[in-house]
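Peer 1: Dropping a structure here in structure tokens format, bear with me for questions.
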Amino acid sequence: MAWPVQFLFRGLRTVGLVLLYYVFSIGITFYNKWLMKGFHYPLFMTLVHLAIIFCLSTVTRRAMQCWTGKPRIILSWDDYLRKVAPTALATALDIGLSNWSFLFITISLYTMTKSSAVLFILFFSLVFKLEEPNPFLILVVLLIASGLFMFTFESTQFNMEGFIMVLLASFIGGIRWTLTQVLMQKAELGLQNPIDAMYHLQPLMFIGLFPLFLYNEALSLSASEKLFRVTELSPLLYSLMTLSVGGALAFGLGFSEFLLVSRTSSLTLSISGIFKEVCTLLLAASLMGDRMSKLNWLGFAVCLCGISLHVGLKAFYSKNKTPSVRQLGSKSSELQLPLLRQNGEKCEDSAADDFNDEEEEQEICLH
């Protein structure tokens, strides 16, 4: 009876972690869209989110250090500026442009266009030689590109300005995730733990996005009654509270992704991401009133087929690939979160089974 109980426990745990990931991922998408209806300063909102993520990651690092008794990694200024800065700048522009686009486009168009990031990730993975050339990749590109074309063709809620913003964010996102993979796979940096990576990225992301905020929003925000020209305390507190909730959701998204990958596998995260897109579009149609024709839905289905093929190819080829220098799974003890650890001898069998499952995944499938 031990095996069925253990299998059931692991299944329930995986479902719970996937649902937690869905809550934060879908939640922050709808929350940011809702917030942009009354607060038209997406870059300032992003800066506030970055500051909150930095504070929460600092607290989390301190808690992990107290639990393990080991000091957390702190990079030298030379490594920090030369190796982390490019990733931080790409990440800041990706997130900033994505949030900015919510002023112009619907959630459905945003979700679909953001899916094209897989194309750019593939391109830059080939450029940086993180991905081996494969003829099936041509089919992946054709499916995603044709699906995106069908989804945007004769769309009744299409906005060119917002679409270009998201497409540019997807392009920069391809650079971002490729550089992130390179950054986290460098053993000498010691940033394989995403909490440490978030801690080091946020300050440079803030600095990189701040000039764009000054150019585009600073003057109008200083004259706005949302923050700096408030006549009563309650509107100011309301604005700060809504911005803080978004920052907490942004940190929770990164944290839930880490939980899902560390306790299951990156393949689980990639597959969950596919179904998350479906859930997001269905919710956008029912809750936000997004209108999509049959051709748009067909384009979405074709795009999902391309993404699914990409995930399947990654899973197939990763089994036949020799391990990289630095695995991105949760095989090291410091990547196991304190709250998820079991006591003493009771967890030896389940830990061994988790280790065997994670050995099947050689590298993270960035989606």
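Just so you know, glycine gets a Cβ as well, placed from its N, Cα and C.
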Peer 1: Quick check on the annotations: TrEMBL lists transmembrane segment for one of 199-216, 271-288. Which range is it?
Peer 2: 199-216
Peer 1: Could you pull out which residues elsewhere in the chain have a CB under 8 Å from any CB of the transmembrane segment (12-32), counting only those six or more residues past its ends?
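Peer 2: Result: 42, 45, 99, 102, 107, 110-111, 245-246, 249-250, 252-253, 255-257, 259-260, 263-264, 268-269, 272, 276, 279-280, 283-284, 287-288.
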Peer 1: Examine the transmembrane segment (135-153) against the transmembrane segment (236-255) and state whether at least 3 Cβ pairs sit under 8 A, considering only residue pairs 6 or more apart.
Peer 2: no
Peer 1: By a Cβ-Cβ criterion of under 8 Å, what residues six or more beyond either terminus of the transmembrane segment (159-179) are in contact with it?
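Peer 2: For the transmembrane segment (159-179), the nonlocal Cβ contacts are 86-87, 90-91, 93-95, 97-98, 100-105, 109-110, 113-114, 116-117, 119-125, 127-128, 130, 152, 366.
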Peer 1: Give the nonlocal contacts of the transmembrane segment (236-255) in its own chain as ranges (CB under 8 Å, at least six residues past its ends).
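Peer 2: Same-chain contacts beyond the flanks: 21, 23-25, 27-28, 31-32, 35, 39, 45, 48-53, 56-57, 60, 194-195, 198, 226-227, 230.
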